Amino acid sequence: MSLGSVPLKYKISIDRDQCMKCMRCVDNCSYGVYRIEDDKILIDSRKCTACHRCISMCPRDAINLQEKPVDYRSHPLWTAEAREDVINQARSGKIILAGMGNARDYPVIFDRLVLDACQVTNPSIDPLREPMELRTYIGKKPAKLEFTKNNGDIDLTTKLAPNLKLDTPIMIGHMSYGAISLNAQLSLAKAVAKTGTFMGTGEGGMHEAIYPYQDHTIVQIASGRFGVDIDYLERGAAIEIKVGQGAKPGIGGHLPGEKVCADVSCTRMIPLGSDAISPAPHHDIYSIEDLAQLVRSLKEATNWEKPVFVKIAAVHNVAAIAAGIARSDADAVVVDGFKGGTGAAPKVFRDNVGIPIEAAIAAVDEKLNDQGIRNEVSLIASGGIRNSADITKSIALGADAVYIGTASLIALGCRVCGNCYRGLCPWGIATQKPELVNRIDPEIGAEHVANLIKAWTLEISELMGAAGLNSIESLRGNRERLRGYMLDQGLLDVLKIESVGA
Ligand code: SF4
Ligand code: SF4
C-alpha cells in the first residue's frame, strides 16, 4: 500500500518572456531544482527548500516562488504540518530532523515588551552629541575595591578576576567549523575583530585560519570534547563549557560524517568521514561540585588567566541551575532560550522543549540578586535575538550581553530555509562542499556582519539616549524602563515588570 505523496511545499515557475537563459538558476541551485533538457530549463519544485538563492541570482527577476500551492482541507487541530509529520514518520519510522530555530507560532515575548522614553520632566540624551558608554566587561566583579596610598599615588590592591572587554554588548555565539564552513567562520572572526567583540568557536576545535583572530574567540568544550587540547585552550580569550543548547535541551549533538572532510577531521581530531556524536551529558559532570572541578581544572590549565563560561539551555529550573553555576567558580553563565537556532535538531525537541529567553533572563537575574551573588557571574543571553530592540530589552531584563547566531548568518546570505543538516547550503554557510563554500568571500562577509553589529550598536545607544541613559550599566536590569503589553499577570510577575499604563 502506498501512502502517496504529500503536497508540494513550494512551487517554482519561470516567466519565460523575461528569462534570458543565463543559466544562473541552474548553476546556483545545489538542491537540483533546475535542469537543462533540449535547451529548455525544466523545474522540479519538489526539491525546492525556499533558500532563495536562484531568485537572488536571477538578473531578470524571472523566478516566482509560491508557498503551499496545494493545501489540505483546513482543520484547526490536524494542521498540514501535523498530517505531514505523521505521513513521513509512518513511511520512514525515523525521528524528524529540522534546522534553525523553534518554528511554532508561540507568541514572541520581546514583541510584547515596550521600552520607555523621556518626555518633559526627564531629558533624553542625544548620542550624536554626548558620549555613550557601551563598553561591557564579562566576568566576575569585586564586591568592593580596596586601595593603598603609595607616595601620593593610589594603588588598587583588590585582585581583579580576568574579564573580557567588549566594545558592544553583542557577541556572536558558537557555530563550529563543521556545522558551518570555514569561509563563514572566517567572516565572523574578521567581523568580531573589526568591531571589538568576540565569537564562539563552537565544539570542534579551532582551524589554523582562525588563529590570527584568536584573541577575539571563546573556545568551547562540549560533551564530545572534540578538538580540545591545551593548545586550543590557550588560544581562546575565554573558555566555555557547553552543557546545553536552547534548540535541543537535554540531548547531545550529531555532526553527520558527510560534513567531516579532511580539514574538519583534523580540527576536530576525529577520523575522516566519521559521525561526530556528542553525548547528552558530560560523563564527568553529575553535580555542581563536578562542574566546579572542571571549571577549576580549565582555569588551572590556563594559569587562572581566562574567564570560564558555562552554557545551559533555558529550562524550567534555569534560575536555580544558574545560581549553582555562579557558585562553581565560573565567570559567566550563558542561557540559551528555546528559540535558539541549530544546524540540526529533532523537530520534536526544537519545537517543544525549553522556555523563552525573556523569562529565563528575568528569572536568573532575580535569583542571583536575591542570593547576593549577581557579581559572581555575568549573564549572557541567546536564542532568538533578532534586532537591537531585542538586545536592549534583554539587557533591561538583566543580561550583561547577548550572543547572536542566526542573525549573523542572515548577514552572510542565509535565508532561514532550515535545511542546514543536509550539508548543501547554497549560500556556502552550512556546507563543506568546496564549490559552495567558495561562494562566500570572507572579506565581504566580514563587512556585512560588522555592519550589522555596528548598526545595532548605534540603535542601542539611540534607545538608551531616548530613555535618558548614557551607559549600558544603567540599563542593565533596569526593568522600570520596560512595560508589558498584552501579557498576562503570571508572565508579568515572572518578568518582574508592570503592565503598560501602570
Ligand atoms: S537565472 Fe533567471 S534569467 Fe537566468 S536562466 Fe534562470 S530564470 Fe532565466
Ligand atoms: S545556513 Fe544555509 S541551509 Fe541553513 S538555513 Fe541558512 S540558507 Fe538554509
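Every residue gets a Cβ built from N, Cα and C, even glycine.
Curation plays no part in TrEMBL annotations; they are all automatic predictions.
Per TrEMBL, the features are as follows:
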- C19, C22, C25, C58: [4Fe-4S] cluster 1 binding site (BINDING)
- C29, C48, C51, C54: [4Fe-4S] cluster 2 binding site (BINDING)
- 10-38: domain '4Fe-4S ferredoxin-type' (DOMAIN)
- 39-68: domain '4Fe-4S ferredoxin-type' (DOMAIN)
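Mapped onto this structure are the features recorded in TrEMBL.
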residue : record                          : Cβ neighbours (10 Å)
C19     : [4Fe-4S] cluster 1 binding site : 16
C22     : [4Fe-4S] cluster 1 binding site : 13
C25     : [4Fe-4S] cluster 1 binding site : 22
C29     : [4Fe-4S] cluster 2 binding site : 23
C48     : [4Fe-4S] cluster 2 binding site : 22
C51     : [4Fe-4S] cluster 2 binding site : 26
C54     : [4Fe-4S] cluster 2 binding site : 24
C58     : [4Fe-4S] cluster 1 binding site : 19
Shell of the [4Fe-4S] cluster 1 site beyond C19, C22, C25, C58, same chain only (C-beta within 8 angstroms of their C-beta centre): I14, M20, K21, M23, R24, I41, C54, M57, P59, R60, A62, I63
Counts of helix, strand and coil residues, the domain '4Fe-4S ferredoxin-type' (10-38), according to DSSP: 5 helix, 9 strand, 15 coil
So which binding-site residues out of C19, C22, C29 are up against ligand 1, CB under 6 A? C19, C22
Out of C29, C48, C51, C54, point to the one nearest C19 ([4Fe-4S] cluster 1 binding site) in space (Cα versus Cα); all of them are binding-site residues in the record. C54
Listed binding-site residues adjacent to ligand 2, that is, members of C19, C22, C29, C48, C51, C58 whose C-beta is under 6 A away: C51
Mapped onto three states, the DSSP assignment of C54 ([4Fe-4S] cluster 2 binding site) reads helix
Taking the centroid of the Cβ atoms of C29, C48, C51, C54 ([4Fe-4S] cluster 2 site), which other same-chain residues have Cβ within 8 Å of it? I12, C25, N28, S30, Y31, V33, Y34, K47, T49, A50, H52, R53, I55, P426
Length of the line joining the Cα atoms of C25 ([4Fe-4S] cluster 1 binding site) and C48 ([4Fe-4S] cluster 2 binding site), in Å: 12
Using Cα coordinates, what distance in whole Å links C22 ([4Fe-4S] cluster 1 binding site) and C54 ([4Fe-4S] cluster 2 binding site)? 12
Here the binding-site residues are C29, C48, C51, and the Cα closest to that of C58 ([4Fe-4S] cluster 1 binding site) is found at C29
